[in-house]
Amino acid sequence: MISNSDCDENLIKQQQQEIQDKNFLIDVAIGYTKSNALSCALKYKIPQLLEDKSKSCKELSEILKVNCDNLYRLLRTLSTIGIFIEDEVEDGVFRNSRLSNLLRNSNSDSWVNNVYLQSHPNVIQSFMYLDKTIECGTSQGMTSQGFSSAWELFEKDKSLNAHFHNTMTSFTSDEIKTILEYIDFNQYKSIVDLGGSSGELLKSIAKSSRGQLVESFINFDLPLVINQNKVNNENGAAEFDKRYSEVASDLFVDSDYPSADCYTLKFIFHMFNDDKVLTILDKISKSIKPNGKVYVFDHIVQPKNQPYAPFYFDLQMIVNFNGKERSQNEWKTIFEKSPFKIDTILILPDSKRMSVIELSLKQ
């Protein structure tokens, strides 16, 4: 028999759970305030201004030439989620927290670039058009803001473009050790990285013992990217391995890709719909040397009803790129329609985000 006290206890638990659920949903609904507040703090470079010291809002507002009271309210709000710390004794005086201290570093190989990228105003605003994207079936995040594509936005906003490509570089830096544990690139004479950004993947392979026998490394990307790489080199980057070169072009122009016996594509296919992925694969099939291989480094979405970052990337892909994150079955469906067959699917055990699909031409 269930006692009255048991019933009361269960009722209290249900009520507490309901309160937690309501608070959670409210927190999700107002999530844009957090991302916009963070975006604003990054715009004004507050983490860098604070450095290792405490500064008053009055001092910060004079440096930034902004309203002191509103700046205080911004930093006070961010301090409630651990970004910045307000002095317990003196009102309006802030210092960097453990979290905001991380945001001081925006070097090209730093993961922090992804924070800057995700909190950029145009990226945040693009999600205002998620409903339109769902309704019409094509990306509306950029076109609704007056850009023909995300690439046009990157071309116009050099800072955002740098954060985007630096984010790609940081992803490679995080994963290259695991990649080299599973793939020996010495079996290939030439490697082309399609959409290779700063060339971090090829440079890392060339430096490793698993790339010493490779004769040619070609980094293929858009002129905007390759031109920026040249500027970076002119600004002090040491001349790299003579086996390394770069080609400025577009994945979808009529010209062929550079010929090679190995092609790599790292987080490229998820930015395109199935038809464009098939177009790229068809072009590779016309340029790849006999017995060549293609390595696709990308997400393979797996769990259902669980917190999983690639599902959020998936929404970004449909809003901004007309792309998608794919399940293993979706990848198989694409490759069945292509000139390539799957040789191996490897879910890297030490990777937070990446799997490897190894392809070769169908006989």
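From the backbone N, Cα and C atoms, a Cβ is placed for every residue, glycine too.
Per Swiss-Prot, the S-adenosyl-L-methionine site holds D221, D250, L251, K266; the candidate it also names there, chosen from G195, G211, G292, is G195. Taking only the Cα positions, the spacing between H270 (active site, proton acceptor) and D250 (S-adenosyl-L-methionine binding site) is 17 angstrom.
For the binding-site residues D221, D250, the ranking by surrounding Cβ atoms (within 10 Å, all protein chains) places D221 first.
DSSP assigns H270 (active site, proton acceptor) to a helix.
Farthest C-alpha pair in the S-adenosyl-L-methionine-binding residues G195, D221, D250, L251, K266: 16 Å apart. DSSP assigns D221 (S-adenosyl-L-methionine binding site) to a strand. Cβ-based crowding with a 10 Å cutoff singles out K266 as the top-ranked of the recorded positions K266, H270. All protein chains included, G195 (S-adenosyl-L-methionine binding site) registers 19 other Cβ atoms within 10 Å of its own Cβ.
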